[in-house]
C-alpha cells in the first residue's frame, strides 16, 4: 500500500510540474484516438462474422426472448448485448458495431496506461503507453472491426491488473470487482478462461511482500479471495443457462480446438501455430515494436525478476496453450496478447528515455524510428486497407466469400426501388455474409424481403418468379460461386470484384 501511496504522490507532483504539457498531450491523444478509430470506418467492407454478430444484436434488440441468440452458434452474448445501444443511436449498423469495438479500445488505452504506471512504478510511462496503444496496427485493426477481439483484449489486460493488485493488496472490495470483471470476460469468448487460470499467479507478490511470520496468513487470505472471485465469475458465466443453447459453446469450441490428449500426440501443430503467431506479432505490431517488446521483457527479468516472470507467464501461457490446441488459428485469436507485449515495449522505452535523457535529439530520432512504420501501417488500415500487409491467414477480410465488397451498393439500390414497389432479394447462403450482410441494412425497411438459398438452386428459383407476376422487383445475389448464370430471365446487373480477383459479388435481376 505504501508503494502505491508514494506513486500517487509522485504522480501528483509530475502532473503539477508538467500540467500544461500533459493537458496538451491528453487532448492530442483523445483527438488522435477518435480519428484513428472512427474516421473512414466503413472503408474496409463488411466481414462475414461482422454481419452475423450485428444481425444477432438487431434481433436481440427487437425480441427480448432472443437475447441469447449468439449461443445458437456457440458464441457468448456480451458483445451482442453491448452492440444494442450503439444500434439505437447510429443509423449505419456496420458503423454501430465497429463503434462498440472502438469504445472498447478507448477503455483498453485507459486500463493499460493505469496498469503500466502501477506495474512499473513510474509515472513517465503514462506518456509512453498511450502512444503505443494508439498507434499499434494490431490493436487499431480490431478496434475498427465489429468483432469481439477488442472487448476480449480489454478484459484480458484488466484481469492482469487485478491479479497484480490482489497480490499486492489482498482486499475484499478488489476481489469482488475482479470477480465481476472476470465473469463478464467469460461472457465474451472462451479464451477468457485463460485469465481465470492465470489469476492466482498474483500470489507471488504476496509471498514477496510479506514477512515470514505473516506469510501463511496472507497466502490463505489471497487464496480465499481468489476462491470468491471464481465463484462470482462462474455465477455470472452461468447466467447463460437461462438459454437452452448454452451447451453449444462446448460443441463450437471443438470446431476450433483439439483435445489436449490429441494435441500432445501431434506436436507439429504446436510448431506450425507458433510460427504463424510469431509472424502475426512481427507483422502487426511491426518489427520495431515487437523487438522493443522482447528487449523490454528481457530487461524487466533482469531488473525485477518476479514482475518479468509474471508478465512472461501471462503472455506465454495463452500463447503456448492456444498454439498447442488450435485447429483453426488466425491473428484474431492472439490479438488479446498484444498489450502484454506492449508493456514490455513500454518498459524498454522508459529505460531508453532514462539513458538518453540528456540527449534529446537522439531520443527524438529513436522515437521517430520506432513509430515510423506503425504510423505508415496505420495510414494503410484507415485509408487503403487493400495495401495493408495482411497475413495469408487474414486475407479473408479482403478476398474470397467472406469479404463484403458490393453489399452496401446493392442495399442502396434495393432501398431506392423499395420506395415504389416491393423488392425481393434472393441470396446465395443462409448464414454468414449472405443473408445477414443484407438483412442488417434492410432491417425495418418496408417493402423488402431477403430469402436465403443453400445450396444454390437452379437459377432463377421458381418461387421467386411468382413475384414478377405481381409486379414486384426481384433480384438474386451470388457470392463468389464461379460460372455464367445469365439467361433470358436472369440478367446480370452488376458485378463487384474482390481484391486480387479472388471472386465477386454479383447482382442479377429476374425478369419476365
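Note that Cβ sites are derived from N, Cα and C of the backbone, with glycine treated the same way.
Please treat TrEMBL annotations as automatic predictions, because they have not gone through curation.
If you look at the transmembrane segment (21-39), the same-chain residues 6 or more away from its ends with a CB under 8 A from one of its CBs are 14-15, 99, 102, 105-106, 109, 127, 130-131, 134-135, 140, 143-144, 378, 382. Taken from TrEMBL, the feature transmembrane segment applies to 21-39 (among others).
Residues or ranges marked as transmembrane segment by TrEMBL: 106-135 (among others). For the transmembrane segment (106-135), the list of distant contacts is 3-4, 7, 10-11, 14, 22, 25, 29, 32-33, 36-37, 150, 153-154, 157-158, 160-161, 164-165, 289, 307, 311, 339, 342-343, 345-347, 349-350, 353, 371, 374-375, 378: same-chain residues at least six beyond its ends, Cβ to Cβ under 8 Å.
Positions annotated as transmembrane segment by TrEMBL: 147-166 (among others).
Per TrEMBL, transmembrane segment is recorded for 178-207 (among others).
Look at TrEMBL and you will find 219-237 (among others) tagged as transmembrane segment. Residues of the same chain lying 6 or more positions beyond the ends of the transmembrane segment (219-237) and with a Cβ under 8 Å from any Cβ of it are 166-167, 170-172, 174-176, 178-180, 182-187, 196, 199-200, 202-203, 206-207, 210.
As annotated by TrEMBL, transmembrane segment applies to 281-301 (among others).
The transmembrane segment annotation in TrEMBL covers 308-326 (among others).
Per TrEMBL, transmembrane segment is recorded for 332-350 (among others).
Positions annotated as transmembrane segment by TrEMBL: 362-379 (among others).
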Tertiary contacts of the transmembrane segment (281-301), as residues 6+ beyond its ends and Cβ separation under 8 Å: 132, 136-138, 141, 307-309, 311-312, 315, 331, 334, 338, 341-349, 351, 369-374, 377, 389, 391
Within-chain partners of the transmembrane segment (362-379) [C-beta distance under 8 Å, separation at least 6 from its ends]: 36, 131, 135-137, 140, 286-289, 292, 349, 352-353, 356, 388-389
Remote residues contacting the transmembrane segment (308-326) - C-beta distance under 8 A, at least 6 residues beyond either end: 119, 160, 163-164, 191, 194, 197-198, 201-202, 204-205, 256-260, 263-264, 269-270, 273-274, 277, 297-298, 300-302, 333-334, 336-337, 340-341, 343-344
